[in-house]
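TrEMBL lists 42-60, 72-95, 107-136, 183-202, 291-317 with the feature transmembrane segment. TrEMBL lists 44-315 with the feature domain 'Ion transport'. Residues or ranges marked as region 'Disordered' in TrEMBL: 327-358. Among the features that TrEMBL reports, compositional bias 'Basic and acidic residues' is placed at 335-358.
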Amino acid sequence: MKLTNFLKKYFNLEILSDIVWSNPEINEKYDKIKNEIKFAKLSYACLIVFVCSISFASLFNLNSLGSFGKSLVFIGQILSFFVFCFDYCAHLITYRFKVTSPLKIKYSLLFFPISFIGILLLLCVFSSVHALSLIGVNMDGKGFFGVLKGLNILKIFRIFLVFKLIAPFRIIINVFEKQRKLLTYIFLFIIILIILFGLIIWNNELEYVNQLRENFLDDNVKSQNNTIFIFANKEFANKEAAIEAAKNSADYQAIGAGYIDNFIDAIYFSTITLTTIGYGDFSPHAPISKALVSVMALLGLAIIAIPSGIIAGSFLTDIQSHLQNKKPSKLFGRKNKEEPKEENKEIQIKEKEEQKND
């Protein structure tokens with residue numbers, strides 16, 4: 001009966017929002033049950049971290065775990081499915097308590113599904129459907145479950161949201177939120193550069209490879225013509241045969257090895273070059289490509305350092321303000337206690353001097 005009365009009196013959507021959303025602040029209206037809300041918030045955070053950790057086990061080779069290990073992963077995935085279903089619904093119905101825009105408050109059920117956290121939580125729900133593959137349910141082959149299995153990695157971001165309850169992690173996340181617009185513009189600029197350089201390098205490398213292949217075929221045909229006496233009526237047939245033979249040779253096939261010959265490889269190469277990583281699995285061959293790679297490396301040193309500097313500077317500023325907000329309260333408290341003592345001493349000295357004069 002006490003639990004029922006407690007739930008009727010205190011449990012509402014506003015309290016639920018304080019529990020499921022990973023914010024340390026609690027509504028002042030519920031100061032009387034602040035400790036209970038903190039306990040519920042901590043318990044819910046531990047539950048989220050627990051089910052996320054279980055889900056990560058599905059990313060390993062399940063055949064090596066045996067039947068018992070598969071059963072544990074299956075149970076964990078089923079548990080995480082229901083937990084994340086509740087997590088999504090709880091955030092959906094309490095979203096209006098965490099936004100300030102009147103339009104978003106009014107249409108919170110429409111705005112939440114397209115928000116970052118709404119999309120993230122929905123993907124967390126979908127990733128748990130991977131458990132069906134462990135009981136032999138076939139849904140369009142292994143590719144479907146492979147995609148769902150890969151989505152489990154997104155639960156790392158859900159854990160990051162839980163870590164907002166811890167001050168240092170909260171400061172880091174707040175830095176990204178504060179600098180969101182600036183970082184978005186920078187990353188958009190970087191993406192445009194990556195695509196632009198990737199397309200140019202891809203085009204130049206293809207032209208260079210095609211030119212090398214044409215030169216190889218010409219040289220091969222010339223060598224055939226120099227060694228074999230060709231009659232006028234057989235020249236065309238012999239030339240075509242020589243070209244086909246050259247195309248099937250190992251030397252001709254080896255010409256394109258290690259070259260960028262598709263868009264995905266071009267984007268990959270331009271990304272690792274602009275970030276100055278450079279794994280070495282691809283290298284430029286065309287003269288124009290080599291010049292562009294040099295420019296990209298110099299741009300990468302300048303551009304990629306900008307987001308790092310912004311994040312580091314904002315983080316240090318927030319850390320200092322966080323520490324200063326803690327220290328003054330203690331210092332002022334000490335001063336307020338010490339100052340009255342000094343004033344009392346001065347008053348006592350003055351009173352003694354007056355008594356002596358009298």
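Numbers run from 1 along the shown chain.
Cβ coordinates are placed from backbone N, Cα and C, and glycine is handled just like the others.
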Within-chain partners of the transmembrane segment (42-60) [C-beta distance under 8 Å, separation at least 6 from its ends]: 19-20, 22, 69, 72-73, 76-77, 79-80, 83-84, 87, 127-128, 130-131, 149, 152-153, 155-156, 158-159, 162, 165
Among 72-95, 107-136, 291-317, stretch most in contact with the transmembrane segment (183-202) (C-beta, under 8 angstroms): 291-317
Cβ contacts under 8 Å made by the transmembrane segment (107-136) with residues that lie 6+ beyond its boundaries: 55, 58, 62, 70, 73-74, 77-78, 80-81, 84-85, 87-88, 91-93, 95-96, 99, 142, 145, 148-149, 151-152, 154-155, 157-158, 161
Mean per-residue pLDDT computed across the domain 'Ion transport' (44-315): 80
Contact set, same chain, for the transmembrane segment (72-95): CB under 8 Å, 6 or more residues outside the stretch: 13-14, 16-17, 20-21, 47-48, 51-52, 54-55, 57-58, 62, 65, 104, 108-109, 111-113, 115, 117-118, 121-122, 124-125, 128-131, 134-135
